[in-house]
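Worksheet: the structure to be examined is printed underneath.
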Amino acid sequence: MSWTVADALDYKGCPANRVKTGGWVPAALILGTGGLKSSVSGFGTDQFDEKHEKEKAQMAFFFNRYKKSLRCPIVCIFQVIVAAIGKRKMELPYDVGMLYEDSPEDSRIHRTDQFQCLDKAAIVVEGDFGSNGSSSPNPWKLCSVTRVEEVKMMGRLLPVWATAIIFWTTYAQMITFSVQQASTMKRSVGNFQIPAGSLTVFFVTAILIILAVYDRLVMPLWKKWKGQPGFTDLQRIAIGLILSTAGMAAAALAEMKRLSIAKAVGGNSTTLPISVFLLIPQFFLVGAGEAFIYTGQLDFFITKSPKGMKTMSTGLFLSTISLGFFMSTFLVSVVKKITQSRNGQGWLADNINYGRFDYFFGLLAILGLINFVVYCVCAVWCRRQKAKPALEMEKLISCGWLSLHCHLPQHSMSGVSDPSKRPCSDTETRALVLATTVTWHMEETFISDAVDYKGVAAHRPSTGGWVSAALILMPIFVGIELCERLSTMGIAVNLVTYLDGTMHLSSATSSTIVFNWGGTSFLLSLLGGILADSFLGRYWTIAIFATIHATGTCILAISTVLPNLHPPPCIPSTPRNCKEANSLQMGVFFIALYSIAVGLGGIKSSVSGFGTDQFDQKDEKEKAQMAYFFNRFYFFISVGTLLAATVFVYIQDTVGRSWGYGICSALMFLAIMGFLSGTRRYRYKKCVGSPIVHVLQVLVAATSKRKLKVPSSVHLLYENSPQESRICRTEQFCCLDKAAIIATGEVGGTSGSATANPSPWKLCSVTRLEEVKMMIRIMPIWATTIMFWTIHAQMITFAVQQAATMERSIGKFQVPAGSFNFFFTGSILITLGIYDRLVMPLWNKHKGNQGFTSLQKMGLGLLISIITMVVAAIVEGRRLSVARAMNSSVSTLPISAFLLVPQFALAGAGEGFMYTGQLDFFITQSPKGMKAISTSLFLTTISLGFFVSSALVAIIRKVTGGGARHNWLPHNINNSRLDCFYGFIAVLNAVNLGLYLACAMWYRRKLNEDAQKMESDTNFSSRG
């Protein structure tokens, strides 16, 4: 049988002989004769046996040199879809053996967990086989698992298919606009005039050169170095996309040069004095890209498609070329319509010398770059979505060892247990399987402490993980966390200028309003945390408070549109007569602002905790994934802040605040819909009661028993928590242990049995009081991180006011003062990117840890904050010296605002460490039932940071306000001593860092002592 190919036939219909059929001879004949595009490549690969190592290696070369059909693939796809829709309301069985399968054993495809909705097409129900007793089912009602998996395989091809279309749009330019470029340029070589259309010879030559170099040089070297026959199909497609983008960038540069010559000599000149060979780079780059992408696509669509759909898959690949041409036509139409001026000219003018084809090529380069990023995401996803091998449970089912829906057959258990043992009887087999295999399968598949949207135990493969976390962070278009940052920061970073310029309030009053609003927003997260832990749960808290947030943003947008809800603009000739906002206008403004604050409090308290709920900490793989969650969570926060500080501030300043706030509101409503779309996918943790009440219960119970002595044996203390969720007693805060002393009459029932539920205000379990101890231990860390957030408050108030007095122009473009937060957010993104992709892998390799500990990250953040304030003080001293030299009343000082970049960058780097460190610390070091309130506790440090900043401003103004010249913070910032204020904050932060280090060392020492105590208790128990 080794001389025949199992899944191929010769012309007589007999199994194909490996020596007499297939190989390079028929493949070469097919290449030579051509044939139909959609079939020739697939038929060519049929000449190589993928199960034979030598022929499989030969097939890799076939794509660069460029079975037997049983059914219509389109009909097969529709059959699966129709059958799945018909059974959409049915539940999938956990026993994979209950799904229908009629394919031969050697051609079956294992079921995968992806696209599970299609698996319903394989559920067997009454009536699927018809009423005539036929053994063949109706294919429109029942499909085999293999048929379903074939459709899934086609579905997995579509993202890569879609992202390859843009390349062929680039290709279309090479045979249209590039030829038009060539026709206007000097094309002579001696006395020979090269036809413009012949320039494509460089395009084809590039393909031939690249294929030859790859075939004869790259592939042998790659095989020798990596042990693989060349780049993978996905890698080749990626290289093609990059080269095409580079080709369009080169085309834009070449066109810029050509247009400059055309303008110099006159656009009506038929032949410009510039060599046509300037176009060679763009032809060569796009040609090289096609060499890679064509062979990569061909390889991908044939090898990754089901056996019976290879021809259709090839046609799918060829459709990308077709759609690329259509896309090119569409782009040309859109660009012409948008850019066409009144005189009929535009980017794509009839006379190419008067057009701006350099802009058009640049647009294609940008689209190509964006498409490449999307392709990389799709390619990574495609690589991960491989058919999973059958689990041991599924192997038992497929072999007949287990059937939960009928009697077990009397098979030998030699394939599962020791071969020396006798065959098990039917009863013994049932007992063995149900007691071990089913239990193992349930433990591996379900999560004990999480439920799905129906309230049943969460199914690990179909819930949670990065898919659910991504829906919370950033779904395909919008996400709750991303849009919350866009909306909140889009308002916050420019709010002080709105209050000053539109509502006509003083700078001090404006700063105070911003401070108080920011503080209240994060303080309300404490309320959100209590509601989430006690009553609503994190899911409903996010959904409800996000709606309140979006409504508040909508009211704010409306208030900027209606003239009665804001004061009239100031008259430049009489700036002193500016009318401040009246009580009605400020009332509506505060309703909108504090509705946003309420919404922000609910979202912030729950979104990070709900994200971590999607990862099972008992599963090593998911626990490792969660280590990256905190960095990526804050990454999306920073992306939202970055967009807010640039795009939205620009929209507010140039287009109008109503547009800026209106877009924020619309995005928030879209984010809510995106969040709700993942309802079926999320994992939910059950509410365990109010954590505040639990803390009070422990304190009341301990106070009432303050005169009792704690017994020497921990076993005499009350404990009613389940074994797997118990927390061992620690020696710290021993006074609280008295809450677990069982006194006479505290346990209900006549027998005094401990099984009755005692009053939680009189008797608490050891686990409950240890949870309270855990919360108390994190309080010193909580207190010493408040001071950091006073710096954040300065970045969105005084630093913005500094920028407003400085030179902010870049050429003719005036940078909005609020947009300087771009450097703040950009620094956060760079810090997180370096830490996530460089520091963490190196630290893991060197230390064996996932990165810096949460305490180390917070310490780094506090240290950087001190440096930030020192730098800010030095820069402000320089700005004030220029203000005094000029005139303090000058609106714009002759000093660059980019001098503020170092303090923004340092503050951003510090926040990158502090925020992720706090988030990690307060979530991982808190009890399970108090994670939302613990997150809220962390967010209150931000809130209190704003309030401390507001208090400092008030105190400094009062203490230094003896006169206009002595006041550190007067109305006019050019007459201030803001440098002294920054220096004062630096000193306070230095003192705070010393306190933090003492608290952090105390916390680590207590953790180590507790760990040693638990280990000794465990050893003692095991010896007992």
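A Cβ is built for glycine as well, from the same backbone N, Cα and C atoms used for every other residue.
Unlike curated entries, TrEMBL annotations are predicted automatically.
The feature transmembrane segment is assigned by TrEMBL to 192-214 (among others).
Taken from TrEMBL, the feature transmembrane segment covers 316-339 (among others). Only residues 6 or more beyond the boundaries of the transmembrane segment (316-339), in the same chain, are considered here, and those with a CB under 8 A from a CB of the stretch are 37-38, 154, 157, 161, 164-173, 176, 297-298, 300-301, 346-348, 356, 359-360, 363-364.
Annotated transmembrane segment per TrEMBL: 359-382 (among others), in sequence order.
Look at TrEMBL and you will find 463-480 (among others) tagged as transmembrane segment.
The transmembrane segment annotation in TrEMBL covers 513-532 (among others).
The feature transmembrane segment is assigned by TrEMBL to 582-603 (among others).
Residues or ranges marked as transmembrane segment in TrEMBL: 633-652 (among others).
Look at TrEMBL and you will find 658-676 (among others) tagged as transmembrane segment.
Taken from TrEMBL, the feature transmembrane segment covers 858-875 (among others).
Feature annotation from TrEMBL assigns transmembrane segment to 895-916 (among others).
Per TrEMBL, transmembrane segment is recorded for 937-956 (among others). Within its own chain, the transmembrane segment (937-956) is flanked in space by residues 508, 511-512, 515-516, 518-523, 525-526, 529, 601, 604-605, 778, 782, 785-790, 792-794, 797, 918-919, 921-922, 968-969, 981, 984-985, which lie at least six positions past its ends and keep a Cβ under 8 Å from the stretch.
Long-range Cβ contacts of the transmembrane segment (981-1003) within its own chain (Cβ-Cβ under 8 Å, at least 6 residues beyond either end) map to 777-778, 780-781, 783-785, 787-788, 790-791, 794, 798, 855, 858-859, 862-863, 865-866, 869-870, 872-873, 876, 952, 956, 968-969. As annotated by TrEMBL, transmembrane segment applies to 981-1003 (among others).
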Counting only residues 6+ away from its ends, which parts of the chain sit with a Cβ under 8 Å from the transmembrane segment (582-603)?
480-481, 484, 487-488, 491, 503, 517, 520-528, 531-532, 541-542, 544-553, 555-556, 559, 564-567, 936, 939
Considering only Cβ pairs under 8 Å, which range in 359-382, 658-676, 895-916 makes the most contacts with the transmembrane segment (858-875)?
895-916
